[in-house]
Structures are given as C-alpha cells and as structure tokens.
Amino acid sequence: MTLKQLEKGSMKDSALPETEIVDWDGDDDPANPRNWPESNRWAHVVIISILALITNMAPTMCAPGIKEIEADLNIASSVASTLAVTLYVLGIAIGPMFISPLSEIYGRVPIYHAANVIFVAFILGNALSQTLAQFLIFRFLSGCAGGTPMALGGGTIADITTIQKRAVAMALFSMGPLAGPVLGPVIGGFVAAGPGWRWTFWLLAILGGVAGVTALVVMRETHPKIILERKAARLRATTGQPNLHSKLANTSLSPGQVLVQVLIRPTMLLFQSPILFVISLYVALVFGVMYLLFTTFPSVFEGQYGFSTSISGLVYLGLGVALVASMLLFNVLNGRVQAARMKADGVQQARPEYRLLLMIWFSPFVGLGLILYGWTAYYKVHWIVPIIGTVFMGFGAFFVIMPSQLYLVDVFGSQAAASALGANNLLRYISSTFLPLAGPAMYHSLNYGWGNTLLGLLALAFVPGPLLFYRYGEYLRAKSSVKLREPS
C-alpha cells in the first residue's frame, strides 16, 4: 500500500484476508534503490567491489611468503602449507551459509558491517599467530567473514540495477574474486621479502578497516523486502493499523523459520535447478584450478626457473593482464552482442541466455591455456611462455565466471539471486579449498605436463554446457519447479 492508497482506502491481499499490502509509491518511488541517484548506486557498487577485492586478496597474499611462514611456525607438511592458503577459502564457502541468511531478516548493510569487523579482527589474529594451530584457526574464521561481500554482492547489485544496466556493475564486482587472488601475491611477494610475512596480514587489516569505515558512512539498505518492511512498520506506528504488511513479507513465518528457510534455500536451488547445478560445477572447476595455480606458482617458478620470493609474486601478473584485457573486451562486446541477438530474434527484451554467448566463444581458452602452461613449465621453456599460458587461462576464466554470474542473477532475479550465487559460491570455494590439496601429489605422479593436461581436458569437457543452455535454457526454465525470477 502506498501513502496515497492508505489515505483513500485499502488494497487487500486475497491470499491473506484482512491484510493490507504496503508497496512502492509507484514506479518512480525514490525509496526504491533502483530509483536512487546514479552516483549513489555506483558508490554502492564500488564499495562492495572493493570489499570483495580485499577479502579475495587475503587467501593468496601470503602465498609467496609460505616458506617464511613454514620456518616461523615450524610447518613440515606440504598439506599444512597448502591449508595455510586454502583454509581461508573453506571459510568463504561455509561462513556465508550462516551469515548471509541474516540479511533476509536484518538487511544486507548491517551484515556487511558486522562481517567486515569480524574479518579485520581475525586477520589481526593471523598477524599475531605464534603456532600453526592458531594460524589455521584464524585463517578459517577470517574466511568465514570474508566471504560475505561475495555472498551478498550479487543481490545488492540486483537490488539497485535493472537487467539492461546490470552488466557493467557485475563486471566491476566480479573483478574482486578474479583480481584479488592475483593482486594479493604481487603485493605479498614484496612485503614478505621486506617487512616480513606478518605484514601481509597487517596490510590486509588496514585495508579492511578503511573500506569498512567508508562503507559505514556511504552505504544504505538496498534489500527491497527490508525497505518495505520498515515502511510498513512506520505506517503501522503512524496510522495505528496493525494489519499493514510489506508486499514482500512472509507474515506466516517467524524470524527463526525465515533463517532456516534461507539457510537451506541455496542447497535446494542447487539440486532443483539443472542450470544452477551445471553452471556452478563449471565455475567450481575453473576456480579450483585457479587456486591450484595460485598455491603452486611459487614452487614451479622458484624450482623450475630459480625465481626469488619477491620475483615469484610477479608471476601472478600474467593472470592479472588476462583479467584486465578480458574485462575491457567484455565491456565492449556484451551490449553489442545482446543487441545483435535481440535484433536477429526480433525481441524487445533480452533473454537471460544471451549472457552465455561470450562464454561459448571464449571458455575454451581455459583448457588450452592450462595445457600450454603445463608442458612449457615441465620442459623449462623460457619463463614467459608458461606465463602466456596463464594469460590464456585467465582470459577464459573471466568469460566463464562473469557471464555465469550475470546469467544466474537474470534467471533468479533480485529476491533469489543471493541464494543462487550463494550456492554457486559454496561449490566454487569448496573446490578452491580441496583441489589445491591434490596438486602436489598430482604433479608428483603425472608431472606438470600431464597434470595440467588432465585439468585442461576437464575444463574443455564443460565447454558444451553453456551452448546447451543457450539453446534449451528457456525450455528448462519453463519446465523447472523453481519459479523465482521477478520482472526487472
């Protein structure tokens, strides 16, 4: 119910007798986040992108200094060394399952703020750790909080943008999980070689603190459900009508029931939607392979090419170059490809499947890049050649991850985007935790050439997936029991 409707009469909900519905005050209601000034909306996109960047620098920033960490904390096992990097990623997978559902009750912004405080606190714990046990516990706990921007960011962007204007915002936001693990080691290599590995964590804490204070000053609530519930509460207080409820509220559920429902919804979506399941598996493989490379770059380039700790951190720039180039190309092609397809199909509204075209074209670079990287590193070809392989791999990875994020947001809409992306995040970060643990044993048994060829062939096996969804995705969505997309 709008304020004008409240003055004139009531708008009854046929499903809930005697309940009056509170809605936006028309399509141009300034309280609707999609109607905020453009500068305000972009400020939110930039802030959550920075939060995602910082929290995704954390898993790999210490990777170049892992030998110093091993010596300082008396780590003798290669598995423990890998866990020092990947246990944070396991926290990213598990933490948001319990933290982000609270956004359905309290809103997205309070969860961003609380999670950032927790992230900074446990990162400081890493900086001060004196034993391996302390270090691993703080790594896991900081990851639990650090996954929040990734879990909520897609939903925030869906809150404040329409489908037509969402691509650029999602591209910027997606640079966090892509560029963060690349930028982290570049900085971390020089920090570990200079002030020492502990300062990689002090630096992360400082960056997280500055970003958190900025978010506290700038960000406002964007979740439509929470905004309308607060509006309904104000109207109940000012009018004395207790039967006023938000259009998006589920008045039949208690906060505890809402929490349980939202907690299990990502898992339910994952198994109810073949689109979400296959896309998430593909992204999980790509992310897992990227983290395997992140954790093995120091041993490969220090062992095969004799690089120092600081210089080995620069190896990650190959992936960084790929991500910048792919983002620029994406911004050039995305709108044009969609417009061309809409014209060819004679439609006024872009189908979500149009998001998959760039993935179809460029995703094979993941597998091809891995094969080039593996064999040239194995035969100790000039170091630039395996780095070129990582450029190809990173280029393809962007065009798997970016279109998949947009596709899932378009398919599931603002209300379910957080759950769909939460399920996607769960699989990809579990893969990013455990696939790197298998890396040393795989390379020992198969060598760098055949090991990376195996990974490359697995990546190539997924290439037909987006093509099938492009052709049959609309049919699958129509037949699916998951009916969660909203008009945008």
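Glycine is no exception: its Cβ is also placed from the backbone N, Cα and C atoms.
Database features (TrEMBL):
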REGION    1-35  region 'Disordered'
COMPBIAS  1-11  compositional bias 'Basic and acidic residues'
TRANSMEM  42-63  transmembrane segment
DOMAIN    44-477  domain 'Major facilitator superfamily (MFS) profile'
TRANSMEM  75-99  transmembrane segment
TRANSMEM  111-129  transmembrane segment
TRANSMEM  167-193  transmembrane segment
TRANSMEM  199-219  transmembrane segment
TRANSMEM  275-294  transmembrane segment
TRANSMEM  314-333  transmembrane segment
TRANSMEM  354-375  transmembrane segment
TRANSMEM  381-401  transmembrane segment
TRANSMEM  408-430  transmembrane segment
TRANSMEM  450-470  transmembrane segment
(request) Go through 75-99, 199-219, 314-333, 381-401 and flag the stretch with the largest number of C-beta pairs under 8 Å relative to the transmembrane segment (354-375). (result) 381-401
(message) Test of understanding: applying the rule of at least three C-beta pairs under 8 Å (pairs 6 or more apart in sequence), is the transmembrane segment (167-193) touching the transmembrane segment (314-333)?
(response) yes
(request) With a Cβ cut-off under 8 Å, give me the same-chain residues at least six positions beyond the ends of the transmembrane segment (450-470) that come close to it. (result) 275, 278-279, 281-282, 285-286, 289, 292, 353, 356-357, 359-360, 363-364, 366-371, 373-375, 377, 396, 403, 407, 439, 442-443, 476
(request) Please work out whether the transmembrane segment (167-193) lies in contact with the transmembrane segment (275-294), by counting C-beta pairs under 8 angstroms that are 6 or more apart in sequence and asking whether there are at least 3. (result) yes
(request) Could you please provide the mean pLDDT value for the domain 'Major facilitator superfamily (MFS) profile' (44-477)? (result) 88
